[in-house]
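For reference, TrEMBL has these:
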type: DOMAIN; residues: 139-255; note: domain 'Response regulatory'
type: MOD_RES; residues: D188; note: 4-aspartylphosphate
type: COILED; residues: 254-281; note: coiled coil
Amino acid sequence: MTLSFLKVLGSQTPLLQLNPESKMPMQFNPLTSEIIIEFLQKKLYLSEYRTLSLQEEMIIKGIIDQHSYEKIANQIYLSPGTTRNIASQLFRHLSTLFKTKITKKNFGVFIEKTMNNKEDFIAELESYTPNCLEANLSVILLIDDQLENLLLLKQILSQNNYIVRTIKNGRTALELIDKINPNLILLDILMPEIDGYGVCKTLKENPQYKEIPIIFLSAISDLTDKVKAFSLGASDYITKPFEPVEVLARVSYQIELQSQRRALKTEIESHQKTIESLTQSRSILASLLNYAPYGIAALSAIRSPETGEVIDFEFILVNPIFIKLFPADSELIKSGSSCVSFLQKKQLDWLPKLINLVTAGQPFSEIINLASQIIEVHGTKLGDGVSITLHPIVNHF
């Protein structure tokens, strides 16, 4: 829940200013109007999996401002009859949702009564999950104070399977951004209170929202404005009047690019976890090798380039006990050294056995006398190589 919601709910100021004689609403606080519309959006969404259309939002705003249907119709470029029909259908939906008859005349009193029940109102807001039904659709936030721009862009985008949210000023957009969670923002530059540059700067400074791509909208194609937009972190710039083909192309590109970035980020995070897991595993393996009470060596097969047959082995790793058993030969058993050279010096006939181990998978075991110790030797296949374990079993005193 945003802080502004809590401030309004916790204040002593009535949500509606009432005329004592008529008991009808005289005016709404502008911020409260936004909250009312947001509240209705969520109620519809939770109950009918739909949201208010832009026309329905404007009708509700007009009713809040006590405008006639004729004036509201002029604002949304519809006939009064069509406007009345839309309002009538909306009030039927709301009446069903709230289980009480709601009309244009009693709408203000109903809202005041409903939203003064603060516990229920807060519960409605907190139960809203905006992405639960839209997981496979991209959400685009339109921020523009011009109704005709919102209507045109929403129509273009909605017809192409985008979920579209519309807000008419920058302040409200910043307050509700966490609930809308858009994939892309289309942002007008010239707006009252907070202009597009201010909104963009605020979002890009917030780690939670800085990755959301922003396309600026402007009737001005001045190079200076474009440079400023891109310097603030904008991803693109569209000039008015809007061409539907251009809008869709630029929006589609940014949505796809954002999707690829998120996929890449997820993959990088997955790889990072894998690396951390491997690092931890190697650390555990190193501890096991270093503290093992017997000698361990891993060798990789060296094959003839002509025949592919195993002709030698090279040491990959040896643990401290293995080195301790051959103190004078540490240079011969370091990583990358030839096994044949070591075997020849120590007069060990292991090479045929090691080759047979790799080619036939046949383990070998034997007992050798090494200085003052009797050593039990075990060889096992390890990929295209072998592991050798030297286990001291008897000390000679």
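Glycine is treated like the rest: Cβ placed from N, Cα and C.
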Close in space, distant in sequence - the residue listed as '4-aspartylphosphate', Cβ under 8 Å, 6 or more apart:
I143, D144, D145, Q146, N149, G196, F216, L217, S218
For the domain 'Response regulatory' (139-255), what does DSSP give as the number of helix, strand and coil residues?
53 helix, 24 strand, 40 coil
PLDDT averaged over every residue in the domain 'Response regulatory' (139-255):
89
